[in-house]
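Notes follow once the structure below has been shown.
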Amino acid sequence: MEKKRTEQRNGVEKKIWEIADKLRGTIDGWDFKSYVLIGLFYRFLSENLCKYFNDSERRNNPDFSYENLTDDYEAIDALKDAAIASKGFFIKPSQLFQNVVKSIRENKNNEDLNTTLRDIFDDIEKSTELGDGRSKESFKGLFKDFNVSEVKLGSTLTIRTEKLKELLTSIDTMELDEFEKNSIDAFGDAYEFLISMYAQNAGKSGGEFFTPQDISELLARIAIGKKDTVDDVYDMACGSGSLLLQVIKVLGKEKTSLVSYYGQEINHTTYNLCRMNMILHNIDYANFNIINADTLTTKEWEKHYVNCSNENGFEVVVSNPPYSISWAGDKKSNLVSDVRFKDAGTLAPNSKADLAFVLHALYVLGQEGTAAIVCFPGILYREGKEQTIRKYLVDQNFVDAVIQLPSNLFSTTSIATSILVLKKNRDKKDPIFFIDGSNEFVREKKNNRLSPKNIEKIVDCFNSKKEEANFAKSVERDKIRESNYDLTVGKYVNSEAEKEELDIKVLNHSIDEIVDKQKDLRTKIKDIIQDIKVDFDNIDINN
């Protein structure tokens, strides 16, 4: 299974590279991602709609094929109404991805392909306003970044048209099976690869947009725990939605058909990627709500909190928020009294918003819920305001566990992060559980990743809360207080590498030898400089 997964992922990546090569030199890689991702989305919508119509109509007419119909088909209005009610959108037969590509391959008149695509995307979005219009917000602006008139695609209309043809025909050749039938999330892997590839070129953090699937799976399994079903899942910095979608893979599609997905994302392009990802995974438009706004400084999050399935908060909170970014903090007076932050005794430092995200997650967490948050290591031990917030979290018994992750898990950073696990329903006597997963990885290309075996070991240990030498330990809160509220895993769990005690005498002797050698080298350097000076003084510049 693991070999098949790798082969499929490599196949998707190879095809994406081929597309990138075809457009290389004409458009910036970071901008190009929108063309491929929206092209994939367009293909998915078309195939998804055809499957919906064909499955329904072939019960009475085995030869029915929606893609072979004409736009003036006698029952087209009835089909349109059915699609709007069930899918939230509609595409005319002539506007289907496969029919547009067919026209390109048959070398029909495609000089106006740019306007054709623009009209198609406009019509799809307008169709979401029909019926009760509930799907409008889920589709609004999704095609905005597919600019068919972008001069970077080519200096003339003819060149741009050829590039668009190449793009669509290449996307058509991608072997992307349905999500539930594939041993990998093919569309998700395409997203992950594209975003990380272009993020590196643009100097952006891949973690800003897509959390790798192995880390996403670990976070989701930690937050879900031993539950068979959940009502809702929330990600306060959802990026392209990879973490939210892991709930489906962990629990299975049968048990997640009624799950509500909530997310918030500050970057508009990434916000669009997330909504597309929800739709690509057959999440009903009524079951996801993604907001484009600043999580920390606006009140938009309240819309989620009010509408979540549980009156007292979300059942599952998973997130990989940006590390140590600056935020308004105490420069914005209303944040001091904000219900999410006021009980902690201080706001997170203006230059490091990490714990502001943690406090936000805690506030929206339900009484029976679990939050699993990827954190920058510094927030676990730094003094000042961050220590004050850790004190609040520990004293109020909200910290359930801290899990150290291996370094180099993300494609654009080698930082060794940790997972902070929060709960509100802990017993007063419950200790905090620490797991050192720093050695739980396999090497793949230039990065580390968590194998299924690595994930299983960490999850099993977390669920059982069973101590294991050099791997996991339960620590009483009093001991953490004595350690100045330091939550670093290495403070309480000793790895194999740290077991060997240092011989102080040998260490001091080595230091003395280094110091003596340093003195000797300095003396030799001084002698060399002096010799050079003497030689220079003896030079007769008049000869």
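Quick reminder: no glycine exception, Cβ is built from N, Cα and C everywhere.
The shown structure was predicted, so the numbers you read here are calculated from the model rather than taken from an experiment.
If you check Swiss-Prot, you get these features:
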- Glu208, Phe209, Phe210, Thr211, Pro212, Gln213, Ser240, Gly241, Ser242, Glu265: S-adenosyl-L-methionine binding site (BINDING)
Legend entry - Phe210, Pro212 as binding-site residues, winner by CB count within 10 A: Phe210
Legend entry - Cβ neighbour count (within 10 Å, all chains shown) around Ser240 (S-adenosyl-L-methionine binding site): 30
Legend entry - Ser242 (S-adenosyl-L-methionine binding site): tally of other CB atoms within 10 A of its CB: 29
